[in-house]
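**Q** Okay, handing you the structure first.
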Amino acid sequence: MPGVRGGAGRNRAGTTDERRLVGGDSLGPTSGCRVADAGRTVALRRSFHRRREAGDVTDASVSRLQFWTLYLSRFAGGFGSIALIIVLPKIATDLGIDGVAFGLLYTAFTLAQTAAVVPIAWAGDRYDKRIVLLGTLAVGVATYGAFSVVTDNAGLLAVRAMQGIVFTGMGLMTLGLVGQLATRGTRASRIGRANAASFAASIVGGLSAGGLYDYFDGSRELFLIITGLYVITFLATALLLSADETRVEGFPFTDLALNRRILTLTSFRAQYSVAVTLVRNWIPVFAGYAAASGGLAMPAFAVSVITVSEKFTNMLLQPYTGRLSDASGRALFVFAGGGAYGLVAVVVPFTPALGEALGLPSTLPFLGAVSAAFLPLLLLNAGLGIADSFREPASMALFADEGSDGDGVASSFGIRELVWRPGSVIGPVAAGWLMGTVGMEWVFFVGGGFAVLGALTFLGVLRRYHGASALTEW
């Protein structure tokens, strides 16, 4: 059981029966003894989990290296993902891929992610999450190595699909292990730190991937760097991360899908996924798109700075907002963060008018000719990151809470991932239609509306089925 493992040694806490659950069927000196009653086994496992959740067994004995190893995995996954987002159009151009074939590169990634969620989450709960993570990292080494040598459309499509599987597997296993190693009182804080590592990777990768591509005049060296990062992460995981000895029999998705708390969270998350997909993806479009089509036509580097601002504030604040939500009530942070995100989003189309009214400069050092809207848009996107930093670790911790009492933490994150998928697929299509029919500003109005509506729906469902006090008790 992760809650009673240290870095090098193993501190066997709890009763004899609890130690049996920690080490599988083994009873240490009397190995070979087994729990005869399967129902009693489940009851003991859940009793131990609940004692740990209540604070009788803490995560103080868990070596910090355990968490830092998982944070490294989050960094590696984020760096590889953002690097592909930046250089994939250049690779496709070099290989002569365009039109529908180019669009399939994104479809393959999304479909592979969706298909991988259930089997990987099930494997993580049924077997050792550490082994599943190591397997995913090994596939990642092969995948990014293959990116450096791919020479045709079919090959690029195949490795792009494999990247989707790797990204999903690493996300589910690292978050599952972080949620499992942490206790209820520290879970959002630990998850916030893991997310901060991912955002740091997005910032570093976002600012360096294009430069590395230009410096080496190609993507081969960039992918070799990513492959090396994955090798280091694999070795660190193999050497520093203790085995995961929890086992969940059966198919935990079935019970968790009908869990009342998860259904309540879904009432918010299904709508919020549309909001984030619209707003987060269309901020750079709004900043860089041609003025004739409703954009601000800013130079590429200015667009990068604006885009990174949201990730930067998210990275800085999530460890602290996660800690606050552990103490003050996670449901409150989900409601407040989601609602604030929507309110900030609807102001985005007014940034040109704000810039003009405030007499802000349209030319800046190092950035060149931008727009009077640059500084307002930069601050608003940073504000979106602040709002989301309150919501995300609290939301993740609430899902982890439902799986961490022995019901399957990886599966709880798998459900969280699946709930996000419809909105992330519908969102870009809806945004394109809004741009072409009523104008780009409506992308932000609709996105902000979905966020506010999701927050209000969540509040209503929470009060109706769990009581008014649930907002601060969850």
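Glycine residues also receive a Cβ, built from the backbone N, Cα and C atoms like all the rest.
Worth saying up front: this structure is predicted, and the values here are computed from it rather than measured.
According to TrEMBL, the record shows the following:
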REGION    1-28  region 'Disordered'
DOMAIN    66-466  domain 'Major facilitator superfamily (MFS) profile'
TRANSMEM  71-92  transmembrane segment
TRANSMEM  104-124  transmembrane segment
TRANSMEM  131-150  transmembrane segment
TRANSMEM  162-182  transmembrane segment
TRANSMEM  194-216  transmembrane segment
TRANSMEM  222-241  transmembrane segment
TRANSMEM  289-310  transmembrane segment
TRANSMEM  331-354  transmembrane segment
TRANSMEM  366-387  transmembrane segment
TRANSMEM  442-462  transmembrane segment
**Q** With contact taken as 3 or more Cβ pairs under 8 angstroms (pairs 6 or more apart in sequence), are the transmembrane segment (194-216) and the transmembrane segment (71-92) in contact?
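**A** Counting Cβ pairs under 8 Å (6 or more apart in sequence), the transmembrane segment (194-216) reaches the transmembrane segment (71-92), since there are 3 or more.
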**Q** Give me the stretch from 71-92, 131-150, 289-310, 366-387, 442-462 with the greatest number of Cβ pairs under 8 Å to the transmembrane segment (331-354).
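**A** If we count Cβ pairs closer than 8 Å to the transmembrane segment (331-354), 442-462 scores highest.
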**Q** Please give the sequence-distant neighbours of the transmembrane segment (366-387): residues at least 6 beyond its ends with Cβ less than 8 Å from one of its Cβ atoms.
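**A** Distant contacts of the transmembrane segment (366-387): 279-280, 283, 286-287, 296-299, 301-302, 305-307, 309-314, 317, 337-338, 340-341, 344-345, 347-348, 351-352, 354-356, 358-360.
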**Q** With pairs fewer than 6 apart in sequence excluded, do the transmembrane segment (442-462) and the transmembrane segment (71-92) have three or more C-beta pairs that lie under 8 Å?
**A** no
**Q** Using a threshold of three or more Cβ pairs below 8 Å, and leaving out pairs closer than 6 in sequence, do the transmembrane segment (289-310) and the transmembrane segment (104-124) count as in contact?
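**A** These two segments do not touch.
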**Q** Which sequence-distant residues neighbour the transmembrane segment (442-462)? Criterion: at least 6 residues beyond either end, Cβ under 8 Å.
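**A** Sequence-remote neighbours of the transmembrane segment (442-462) are 264-265, 267-272, 274-279, 282, 286, 331, 334-336, 338-339, 341-346, 348-349, 430-431, 434-435, 470-471, 474.
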**Q** Could you tell me what the rest of the chain brings near the transmembrane segment (289-310), counting residues at least six beyond its ends with Cβ under 8 Å?
**A** 202-203, 206-207, 280, 283, 352, 364, 366-371, 373-374, 377-379, 381-382, 384-385, 388, 435, 439-441
